[in-house]
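Visitor: Just lifted these from Swiss-Prot, have a look:
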{"type": "SIGNAL", "residues": "1-18", "note": "signal peptide"}
{"type": "DISULFID", "residues": "C153-C203", "note": "disulfide bond"}
{"type": "ACT_SITE", "residues": "C156", "note": "active site"}
{"type": "DISULFID", "residues": "C187-C236", "note": "disulfide bond"}
{"type": "CARBOHYD", "residues": "N249", "note": "N-linked glycosylation site"}
{"type": "DISULFID", "residues": "C292-C347", "note": "disulfide bond"}
{"type": "ACT_SITE", "residues": "H299", "note": "active site"}
{"type": "ACT_SITE", "residues": "N326", "note": "active site"}
Amino acid sequence: MDRRFLFALFLFAAVATAVTDDTNNDDFIIRQVVDNEEDHLLNAEHHFTSFKSKFSKSYATKEEHDYRFGVFKSNLIKAKLHQNRDPTAEHGITKFSDLTASEFRRQFLGLKKRLRLPAHAQKAPILPTTNLPEDFDWREKGAVTPVKDQGSCGSCWAFSTTGALEGAHYLATGKLVSLSEQQLVDCDHVCDPEQAGSCDSGCNGGLMNNAFEYLLESGGVVQEKDYAYTGRDGSCKFDKSKVVASVSNFSVVTLDEDQIAANLVKNGPLAVAINAAWMQTYMSGVSCPYVCAKSRLDHGVLLVGFGKGAYAPIRLKEKPYWIIKNSWGQNWGEQGYYKICRGRNVCGVDSMVSTVAAAQSNH
């Protein structure tokens with residue numbers, strides 16, 4: 001094989017891997033492959049001024065301001081690289097553009113790793129897939145609450161959990177009720193005794209299946225209005241007499257996209273995990289990055305639907321996609337939602353999927 005081709009292939013792989021590397025060397029790697037005179041940096045100061053105004057950003061000192069401006073410029077470079085590697089989506093300036101990669105992970109992700117399933121978890125039964133619709137969206141059927149905002153607290157797992165149970169409760173009762181994430185943040189400390197670091201721990205991360213286990217053991221969850229979200233860890237104030245939704249059972253869906261779609265249609269929105277490496281710069285469109293590690297799951301989200309395709313002129317084809325409800329507020333992505341390619345487990349979106357059934361309730 002031609003040596004020049006091998007070298008070019010190696011260089012592409014190295015650069016692509018650097019884009020999604022979770023180490024703290026992201027910015028250093030980026031500087032190696034991007035010309036310092038990139039035209040999109042010529043107006044960086046103007047972009048930063050607009051960014052501060054749009055997202056109400058302020059900094060206590062000039063030193064902090066100047067530091068954040070430097071981070072912002074690095075993230076402009078990162079967004080351009082993401083655009084090149086994920087051309088079917090739009091990447092650019094977001095509410096997270098003044099955060100380093102490590103700050104973003106620490107403050108806005110929070111999914112923990114787990115090798116074993118909780119005691120009450122079971123494998124979801126195999127469902128028929130022959131009559132699946134081409135498009136499906138639980139938002140159109142009234143089973144999804146408005147997009148919420150976890151703030152700078154690693155509680156994504158709690159929002160994924162409540163979102164799935166909100167949908168299941170709607171299917172069981174016909175009532176859409178916003179459930180309390182703060183109850184999970186404060187009260188859920190379910191652990192796997194055989195795996196170190198697997199405990200749900202509020203703003204320091206957790207797992208959706210752990211949370212379903214907690215809800216089974218505790219008797220359920222109260223409404224959001226009865227236990228409001230604060231975005232920080234607190235003492236448990238759970239009042240069982242105010243429970244409005246409870247878990248009957250929960251299951252883990254096999255790594256098969258047709259089965260995931262079938263479970264979504266039959267059982268309601270699904271709690272899923274994802275590698276969020278491309279989400280810091282995501283603005284809109286169908287995200288289908290060339291490289292995104294499937295095993296590096298670090299963010300809990302809610303799968304609410306799917307579409308048969310959005311035209312991608314760069315790739316000359318329709319790209320079928322999943323519709324993901326995120327918990328970063330409505331001023332991120334597509335009014336708080338994320339579209340990601342279906343078909344090949346992009347960013348591990350098919351790797352950790354759970355469905356929950358709600359108990360019938362008289363509330």
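Yeah, the Cβs are placed from backbone N, Cα and C, and that goes for glycine too.
For each listed feature, how buried is it and what is near it?
Guide: There are 24 other Cβ atoms within 10 Å of the Cβ belonging to C153 (disulfide bond).
Counting Cβ atoms from all protein chains shown, C156 (active site) has 28 others lying within 10 Å of its own Cβ.
A 10 Å cutoff on Cβ-Cβ distances gives C187 (disulfide bond) a total of 20 other Cβ atoms nearby, all chains included.
DSSP assigns N249 (N-linked glycosylation site) to a strand segment in the three-state reduction.
Within 10 Å of the C-beta atom of C347 (disulfide bond) sit 26 other C-beta atoms, taking all shown protein chains into account.
On its own chain, H299 (active site) has L109, G110, L111, C156, A273, I274, N275, A276, M279 as residues at least 6 apart in sequence with a Cβ closer than 8 Å to its own Cβ.
Annotation for N326 (active site): same-chain Cβ neighbours under 8 Å, separated by at least 6 residues, are V147, M279, V301, L302, W332, G333, G336, Y337, Y338. Secondary structure at N326 (active site), taken from DSSP and collapsed to helix, strand or coil, is coil.
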Visitor: Out of C153, N249, C292, C347, the recorded positions in the record, which is closest to C236 (disulfide bond) when you go by Cα distance?
Guide: C153
Visitor: On a count of neighbouring CB atoms within 10 A, which of the disulfide-bonded residues C203, C236 is highest?
Guide: C203
Visitor: Between C187 (disulfide bond) and C203 (disulfide bond), what is the CA-CA distance rounded to a whole number of Å?
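Guide: For C187 (disulfide bond) versus C203 (disulfide bond), the Cα atoms are 12 Å apart.
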Visitor: Tally every other Cβ atom lying within 10 Å of the Cβ atom of N249 (N-linked glycosylation site).
Guide: 14
Visitor: Using C-alpha atoms only, work out the spacing between N249 (N-linked glycosylation site) and C153 (disulfide bond) and round it to an integer in Å.
Guide: 28
Visitor: Please report the three-state DSSP label of C156 (active site).
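Guide: The residue in question, C156 (active site), is helix (DSSP, three-state).
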